[in-house]
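Asks: Pasting the feature list from TrEMBL:
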type	residues	note
TRANSMEM	29-47	transmembrane segment
TRANSMEM	68-88	transmembrane segment
TRANSMEM	100-122	transmembrane segment
TRANSMEM	176-196	transmembrane segment
TRANSMEM	208-231	transmembrane segment
TRANSMEM	251-273	transmembrane segment
TRANSMEM	294-319	transmembrane segment
TRANSMEM	354-377	transmembrane segment
TRANSMEM	398-417	transmembrane segment
TRANSMEM	423-448	transmembrane segment
TRANSMEM	455-476	transmembrane segment
TRANSMEM	527-550	transmembrane segment
Amino acid sequence: MNVGVSTSSPLPPPSDTSVVTSTFSTVDYVVFILLLVLSLAIGLYHACRGWGQHTIGQLLMADRKMTCFPVALSLLATFQSAVAILGVPSEIYQFGTQYWFLGISYFLGLLIPAHVFIPVFYRLHLTSAYEYLELRFNKAVRVCGTVTFIFQMVIYMGVVLYAPSLALNAVTGFDLWLSVLTLGIVCTVYTALGGLKAVIWTDVFQTLVMFLGQLSVIIVGSAKVGGLGHVWDVASQHGRISGIELDPDPFVRHTFWTLAFGGVFMMLSLYGVNQAQVQRYLSSHTEKAAVLSCYAVFPCQQVVLCMGCLIGLVMFAYYQEYPMSTQQAQAAPDQFVLYFVMDLLKGLPGLPGLFVACLFSGSLSTISSAFNSLATVTMEDLIRPWFPQFSEVQATMLSRILAFGYGLLCLGMAYISSHLGPVLQAAISIFGMVGGPLLGLFCLGMFFPCANPPGAIVGLLAGLIMAFWIGIGSIVTSMGSSMAPSHPNGSSISLPSNLTTVTMTTLMPSTTLSKPAGLQHLYSLSYLWYSAHNSTTVIVVGLIVSLLTGGMRGRTLNPRTIYPVLPKLLALLPMSFQKRLHCRSCSQDLSMDTAMFPEKMSNGMLRGSRDKEAMAVPEEGSAHQASSPTFILQETSL
């Protein structure tokens, strides 16, 4: 069954009741302004505390002294943007609860980063995730990864600032450019002056505001329609409670497999290798704290997903009893929630302002993380390697200037977004397109010791080409199909001049009733498989090119940059098998080591040198020759 087409009854017809008036009261403005003032105050507090004594480590890495709790909430807030707050309820309202199964992917999507990526990154004592690429490959691969990330975030941060402001303007009459400028300026000031510590603690505050805003909607809405039990009954009667769809077809938009396993790769691209998240892991005071913060995100993500889905169900039950106005029925998908909230909370001073503060908190947390991570990679990957003579004071000042510069660039991108028209959807989709190839690049280096720099660069380029080919093709196809009439409950969305419509088409790509063929069929690949498909392309092409160019023969390989997949898998075998394999591998390794390092073996020093190397951070050029995969495996398993 195609989940893009619902079998439930049609949505309630629009009524000719009066248009929703969404004027803010004085209390609402006070609540909203309080959010901005407190966010700014937190940033300025950390900026003024020890002013003049800040180091580059304090500014970019919070001096690596953060504890588990603030890091976990900051990890949660980083990609909990206003687009997601508006999008998930709208998805549930239109298509039912199938999307809720995405929560299953959070388990592996957070467990793998906690036990694979965090240990490797943390023990290398990195500042930028892309430093890993130089340690594993070379400087050219590091620059390619950095430039790709900068392109991804610059395009995205303008959109995530502009699109929610436009939706807010359409529904509440809130001045568009006043909200854009206010968000941009406040975020730039506290990020540039306070650094990562200010960003993390403002994320904590903004996360609490997001929870309160969404919780208020659930409580008030469910109370008005007779409780959550009644909400569930109404949704079930109208076919909005979805069963487990076990169709393995990757071209079906939402199935259990697509959400549970395709979603894992999406989560890995966000929580495994994205600089904004890696930087928070590395700011933790210990590796254990970094792992615990990743664990703590799991229940928080489940709560956030449940709240978004419940808002969608409450909204559906509400409009079964209170028909929509004509204006609401003709609104863009990302405006559904705003119309519902303003209709629901009218007459309750302060609550509309709290929900708007919730939306702006989502934007602030995402944008501030983008500013900080962009300033970090630009400083550490593109400037300091070429200008190592910078003093601590100069580097700190330049980092602040970079954050200010990216803040101004974000405002410029928001202005450009206002003139993009339908191309805005492509700009939003770029974020998802680029995440997969970057994930593939890190996996290629971490899991495959034979991968070499030429293979990494060619693989990354192949992954990006594949990502843009399928992604842009899907957008163009969906834009063309949206012009045709669709089923009342289908996911085809019209594209009027209002740009907010295309914001949600990334979350809810259009599907048509006819079966596509040829390239059209390829373009209908579910968006949740994009990361898996594109990262796999990078790995396959990278391995082929590496093998054709001699692998790592003649090149140095730092064993600490490899995750020992085979020893970890062998550890799952029964102990008797492990002992047999261990004895056999030890005898092979001993003969190999004697051949490679006869002087160390004769002095009985080989084991000690390995133990020392396992404890110390390797310096450039200190890695062993990688001519023996057996030796590499033994090193990395220590």
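Indices start at 1 and increase along the chain as displayed.
Even glycines carry a Cβ here, placed using N, Cα and C.
Note that the coordinates shown come from a computational prediction; the quantities given were computed from them, not determined experimentally.
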Asks: Are there residues at least six beyond either end of the transmembrane segment (29-47) with Cβ under 8 Å to its Cβ atoms? List them, or say none.
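Replies: Answer is 182, 186, 189-191, 193-195, 197-199, 201-202, 205-206, 209, 350, 353-354, 356-357, 360-361, 364.
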Asks: Cβ under 8 Å to the transmembrane segment (251-273), counting only same-chain residues 6 or more beyond its ends: which ones?
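Replies: Sequence-remote neighbours of the transmembrane segment (251-273) are 2-4, 75, 79, 95, 98-99, 101-102, 104-106, 108-110, 112-113, 116-117, 129, 244-245, 294, 297, 432, 435-436, 438-439, 442, 491, 509, 511, 521, 524-532, 535.
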Asks: Using a Cβ cut-off under 8 Å, which residues of the same chain at least 6 positions beyond either end of the transmembrane segment (398-417) come close to it?
Replies: 56, 59-60, 154-155, 157-159, 161-163, 165, 180-181, 184-185, 187-188, 191-193, 195, 367, 370-372, 374-376, 378-379, 383, 390, 424, 427, 499
Asks: Thinking of Cβ pairs under 8 Å, which stretch from 68-88, 176-196, 354-377 has the most of them with the transmembrane segment (208-231)?
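Replies: Stretch with maximum Cβ contacts: 354-377.
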Asks: Should anything in the same chain at least six residues away from the transmembrane segment (100-122) have a Cβ under 8 Å from its Cβ atoms, list it; otherwise answer none.
Replies: 92, 129, 132, 242, 244, 254, 256, 259-264, 266-268, 271-273, 277-278, 281-282, 284, 287, 290-291, 294-295, 297-298, 301-302, 305-306, 309, 442, 446, 560-561, 563
Asks: Under 8 Å for C-beta pairs, could you tell me which stretch among 68-88, 354-377, 455-476 has the largest tally with the transmembrane segment (294-319)?
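Replies: It is 68-88 that shares the most Cβ pairs under 8 Å with the transmembrane segment (294-319).
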Asks: Rank 176-196, 354-377, 455-476 by Cβ pairs under 8 Å to the transmembrane segment (68-88) and hand me the top one.
Replies: 354-377
Asks: Go through the chain and flag residues at least 6 beyond the ends of the transmembrane segment (455-476) whose CB is under 8 A from any CB in it; none is fine as an answer.
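Replies: Contacts with the transmembrane segment (455-476): 133, 137, 140-141, 144-145, 148, 425-426, 429-430, 432-434, 436-438, 440-441, 444-445, 505, 509, 519, 522-525, 527, 530, 533-535, 537-547, 549.
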